[in-house]
Structures are given as structure tokens and as C-alpha cells.
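*Asks:* Input: one structure, supplied below.
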């Protein structure tokens, strides 16, 4: 068996020891080496040729962001998983790491002593992410017969809402898609990105600086407005409900689905109920299959589904399940998704004007 080789970069002796302990228990993973700071790690890359790097954000001499910036000059495709804290500073730094090319991140709990629950929390995050990133996770679901073959180049029902779901690689994908939506975009956009509390707020703030239409983390019982983007809050599901002649956004802490809260499936089911055939759903890069069942529900309601292609996905898990099941009417590179959203919404707006 060819084991996946991991280079651990962390200034903490305790964390380095814990990661060694975690990886030693996985038959398909091995520690290629350890480094206490970025300078040492960069010197070790040629010698060790790791398959993936775990990189702490806060380190002396050369921190994780500086290390990542240098690493990406020579190794643009090497998977890098950042280690961050559940703090405002950690959230901001993690989003900056994504802009520099980080593949994913793991949050360090306050309790990470040997034998503590923190160790299992790190294991539960880290091991699946290493496997997904290094094996370019392919969905196990076999292709299913195409049941939804409606040609929506000229859709019969105008698009009245856009719902987007993403996970691993999502922040960068969203930064490539959402800024394409122009000022005056006529429908609301709802986004689920798998992230913990605080991280989602800073993600929304970053996207708001990049986009032509306002972006904000969703608030409880918020009235849906066209031409706005709302991001689900970490540790809360986001749903859309009818309210008289309009719609309302809700936050809830119902049970996780697909081990996720917020979950894409929860959002997709709610928009299918609220908007029916007027939904345009987009499933982008991410591990696992969150969004698959919700995409089925949207297609059964007459809505439209687009999936990101494998070549531009960091992990082709979520969009791959949707594409392989024949649920996606189009499978597109991330660079084309924003324009496709605008095209389909514009067709519907033109239909309404001509009605």
C-alpha cells in the first residue's frame, strides 16, 4: 500500500506529538516529517516530498501565512491544511489563508491534551480531509439514469431564487462566482458554506467587500429581499419559509444532517418548498454528499441544478454525487458558474417583462 505522506508544521511540541499519534493509527497515512516553523518546513519539502502539509497559522520566525505564500510559489497544487483556533483572529487568518491557496483547515479545540476529547475532535476533522484532498475523492454513487432531461436553455419558469452549497474549497469558489452577479441582480441568493460560528460571519464580510450586491450572515426571521446574498451562520441551519406574499429566512439548531450544521440539504429542501420550479441550485466543491438529497428534491419540484466540474473542484465529492446521479443540467468549471447564473436569471427576467 502506498501511504499518504504528511508533513506536520507546528511550533507546539504537544500538537506535533498529537498529530503523530493520530496519523500512526491510520494504516494508509504516515508522517513524512515534522517542522517547528515555516523556514524549516520549506527546506524539508524537496527532501521529503510529502503528499500533504498540515500548517499551523501562528508560529514564530515564519508564520503559517508567510510559509503558505512561499510554498505556493513552487508548489501550487500541493494540498495544505491549515490549523487554526476558534477565535476572531483565527477566523480572519484562515480566510486569508484561503486567498493564498490553502486547501482546507482544521480548528484546534481548547482541550487537546493526550487522551482528551480534543484529540478525537482533531482526528474527526483531519483524517477525512487528508484522504479527500490526496485522493481527489470520487463519489461512490454509480451513475443513475437521467430522469430529468428538461432542456432549460430557455426555461419555462423564471428563476426566482438562487441557492448555493459548498464545503472544502468553497471560500475561494464563492469568491470566483458571487462577484459576477451585477448590481441590481433581481433575485435573492442563499449560501451554505460548511464553517463554524464566527468563520461564516467573516466569510460574509469578505464576500461583501468583493461583490456588487450586499452580502451578510443571515439574521433570525429576516425578510428575504431580492438582490441580496445571505450566508448561513455557523452551527445553524438556514431555511426559507413563506410569509404572506413574501418569504422569511430562519436560523435553527436542528439536528445536523450529513454531519453538517448548516447543511446544504436543509436549505435546498426549504427553497424547493418555498419557490418550487423557480429555484436555481448550485452545488460546488466539497467532500461528502451534502446537497445530493436536496438537489433531488429541487429537481422533483421542477427546479434547476448546476454542479461544479471535477477539474476545478478542490474535492469533487458534493458536486460529483449530484453530477453522477444525473441531477445536474450543466456541469461547469467554477469560472463559468457565475455567468451561467446571471444568464439563467436574466432569461427569466426577460420572460416576466414580456408576459
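A Cβ is built for glycine as well, from the same backbone N, Cα and C atoms used for every other residue.
Taken from Swiss-Prot, the feature active site applies to 167, 194, 290, supported by sequence analysis. Under the heading domain 'Response regulatory', Swiss-Prot lists 5-123, citing sequence analysis as support. Taken from Swiss-Prot, the feature domain 'CheB-type methylesterase' covers 155-348, and the record attributes it to sequence analysis. As annotated by Swiss-Prot, 4-aspartylphosphate applies to 56.
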*Asks:* I'd like the number of other C-beta atoms within 10 A of the C-beta of residue 194 (active site), please.
*Replies:* 25
*Asks:* As a test of reading the model: what is the averaged pLDDT for the domain 'CheB-type methylesterase' (155-348)?
*Replies:* 97
*Asks:* Within its own chain, what residues at least 6 apart in sequence put their Cβ under 8 Å from the Cβ of residue 290 (active site), listed in sequence order?
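*Replies:* Residues satisfying the criterion: 165, 167, 194, 257, 258, 260, 263, 264, 265, 318.
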*Asks:* Using DSSP, break the domain 'Response regulatory' (5-123) down into helix, strand and coil residues and give each count.
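*Replies:* The breakdown for the domain 'Response regulatory' (5-123) reads 53 helix, 28 strand, 38 coil.
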*Asks:* Counting only residues 6+ away in sequence within the same chain, which have a CB under 8 Å from the CB of the residue listed as '4-aspartylphosphate'?
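*Replies:* Correct list: 9, 10, 11, 12, 15, 64, 82, 83.
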